[in-house]
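Feature annotations, courtesy of TrEMBL:
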TRANSMEM  91-111  transmembrane segment
TRANSMEM  171-195  transmembrane segment
TRANSMEM  228-245  transmembrane segment
TRANSMEM  279-303  transmembrane segment
TRANSMEM  315-332  transmembrane segment
TRANSMEM  353-374  transmembrane segment
TRANSMEM  389-409  transmembrane segment
TRANSMEM  452-476  transmembrane segment
TRANSMEM  482-501  transmembrane segment
TRANSMEM  531-556  transmembrane segment
TRANSMEM  562-579  transmembrane segment
DOMAIN    709-767  domain 'CBS'
Amino acid sequence: MIDITTSGTMTERTLNQRSPINLPGIDVIFAGTINFGSGETEDIPGIGQYEDFHTIDWQRDIARDRMRHRYILKRKQNSFIDLIKSAHDAWSGWLCVLLVGLVTGTVAAIIDIGTSWMSDLKFGICPQAFWLNMEQCCWSSNETSFELDKGNCSQWFYWSEIMTSSNYGPFAYIVSYLFYIAWALLFAALAAGLVRMFAPYACGSGVPEIKTILSGFIIRGYLGKWTLLIKSVGIMMCVSAGLSLGKEGPMVHIASCIGNILSYLFPKYGRNEAKKREILSAAAAAGVSVAFGAPIGGVLFSLEEVSYYFPLKTLWRSFFCALVAAFVLSSINPFGNEHSVMFYVEYHRPWMFFELIPFIGLGIIGGVIATVFIKCNIKWCRFRKTSILGQYPVMEVLLLTAVTAILSYPNPYTRMGTSQLIYLLFSQCDVSSNDGLCDYTNDKANVAGPGVYTAMLLLSMAFVLKLVTTIFTFGIKVPCGLFIPSLAMGGITGRIVGILMQQLAAKHPHLWFFDNSCGLPGQEGCITPGLYAMVGAAAVLGGVTRMTVSLVVIMFELTGGVRYIVPLMAAVMASKWVGDALGKEGMYDAHIQLNGYPFLDSKEDIVHTALAADVMQPRRAENLNVLTQSSMSLEDTEILLKDTEHNGFPVVVSRESQYLVGYVLRRDLQLALENAKRTIDGLLPESLVLFTDITQQVMPPPLKLKKILDMAPITITDQTPMETVVDMFRKLGLRQTLVTHNGRLLGVITKKDILRYIKQVDNEDPSSVLFH
């Protein structure tokens, strides 16, 4: 009698029935990947793992972890070593997120420093110390302030000064222009080349894929070490190239790569896909934490936007991970100031009640801008996928970089870095401000001069350029995020609206609209345009991503403007409502749909009218591919595997009765057969494959595979409403469920069937669901 002693795809109840954990001296191996005993390896390597581009079985993985945990607790009384193992198991999750936070904070600081240096390299160099950016170079001189265009820092040399010995005149301007374009093309070419040669998964934002992975999808290599390295280097180059993109979204991907790599140091997480996603959720929180200096916002972002399964302990660990990452970043101090936030602002006046109307108006405008942006970008990305353009990704990047650089340099607001532009838009004018936005004609700083109107014109042109270039940029084959471009577009809109409101209040302070808030002595500067820029930025970003709670928290952490939570909330909610009315999805969800990822949105409400029998595969008139518990030979089983592509097979008593026995995964069955043929002598094609216990002798000796059988699969009846079935898949994280009638097997419903059914309900193309 041949017995393959592996265990695998059973649920926790089945594990409890069969696991001899109370027998001394026996090493118990659950799902072929966990060894609790003396250190021997598993009988069949790979049992219990998943193929690339497949969905995990949450219930099975969580059940395996619970059994592993109970086994460790049972053993801890046996010896001091077992007690240490139990303690290590208890705090390994905290240790893992601590390491993720430390590494993420360090990597983020390196990216911030590198980006700042390479961005300034487009304009000039510090000959005394070439590794310093413009600001650091000028710290070593006696100048207390410097401006990009003023040239009042003696230690910093612009390329025009090096080439022509002058920073003024048309020839110097042309030289600076050419150097700006050349450096931009060099950085973009390096980034695109590195992505194409070493890490194709390093392109894009990464947030749509992280959402899909956290929902239980497997993408091998997407969170690997090469992706981490190339994405970190590439995002520095892309931001420095002046492309209309940000590094904040890719920081979520980078942090998730770090979380995935470090999880393999702890087999509890590295070998269990469901448990690994707890670490990835914490890593995503750390990514936003270091991107914006917003640890609380990072936790809420992970909870609201990317995570699918978020138990309370994951909330605590995410909070701790974000805290550690923010602390490390603050300790390294890449911004070189006392503030850990990116756009620290300090407004001296509170907002007035009547300003809620323009704030809500900004929310409406932000929702419209976001909808236009999403629809145009998705159309362009779809065109890229289906046209010859998609075959030349590097050429597309270089062409887009050249056009962006040529159009950006003449306008000072697009020539500067986008983060620098956002900080300028958020800032309040004071006596030291010398930008055109602060060219006011009176001491009260509320009557605009010609410089303000010129700045408004330039900002309007900058808005159009940012909107158009971001539509074409998001989705190209280099690392690129949309947080910063969205904030910039909203900031420009808000600043212009703020200036218009300010001029209205200055010229007509006694209008009923202002409720005497601006006409009294000392109240002349009652409108703060920078506040409008901040609200507008939140409105556009909220419309693009459909974030609400996490966005408001990120914004007040980002700027330090805690007293302006109510205006931010009003604008973000208005933006979300308008965006939902004009378009169904945010940018991340739209890209998930575009790529055909099997993401089952738990926040979406769908009215179902069908029954399980209407959706199951195969249909009633078709044959169902099954395994029988005791009547199929090894040859029959191999033929079934060869002729079908199903991810698993129901096991029934016989083809005539169709009474359900259990379910076995295709991968586990293949591995078990390959291992049996490799290690067992006397195995013949006629040998029976048994999924049951028999006592009588059978010749030739059968192959017993009962221990890879899930004897407690999730089942429903054919009359179950699809509302219930969809809720089961969402809340239990199912991979498939079996459909029965009076105990007899009728068919199978997989996650892919659910997604196709939802597409049909929404009158969309069901064939757009590409993966399993």
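If you go along the chain as it appears here, the first residue is 1 and each next one adds 1.
A Cβ is built for glycine as well, from the same backbone N, Cα and C atoms used for every other residue.
What TrEMBL says about a protein is an automatic prediction, not a curated fact.
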Contact ranking winner - 171-195, 228-245, 353-374, 452-476, 482-501 against the transmembrane segment (389-409), Cβ under 8 Å: 171-195
Within the same chain, the residues 6 or more beyond the ends of the transmembrane segment (228-245) and with Cβ under 8 Å of it are 107, 110-111, 114-115, 118-119, 121-122, 180, 183-185, 187-188, 190-191, 194-195, 198-199, 202, 206, 251, 253-254, 257-258, 261, 400-401, 404-405, 408, 417-418, 465-466, 469-470, 473-474, 478-482, 484-485
With contact taken as 3 or more Cβ pairs under 8 angstroms (pairs 6 or more apart in sequence), are the transmembrane segment (353-374) and the transmembrane segment (279-303) in contact? no
Where else in the chain does the transmembrane segment (452-476) make close Cβ contacts, counting only residues six or more beyond its ends and a cut-off under 8 Å? 203-205, 243-245, 369, 372-373, 376-377, 380-381, 384, 393, 396-397, 400, 403-404, 407-408, 411-414, 418, 421, 435-440, 482, 485-486, 488-489, 492-493, 495-496, 499, 587, 591
Non-local residues, at least 6 beyond the ends, that sit with Cβ under 8 Å of the transmembrane segment (562-579): 347, 350-351, 355-356, 359-360, 362-364, 366-368, 370-371, 531, 534-536, 538-540, 542-543, 546-548, 551-552, 555-556, 586
Return the average pLDDT for the domain 'CBS' (709-767) as a whole number. 88
For the domain 'CBS' (709-767), jot down how many residues DSSP puts in helix, in strand and in coil. 24 helix, 18 strand, 17 coil
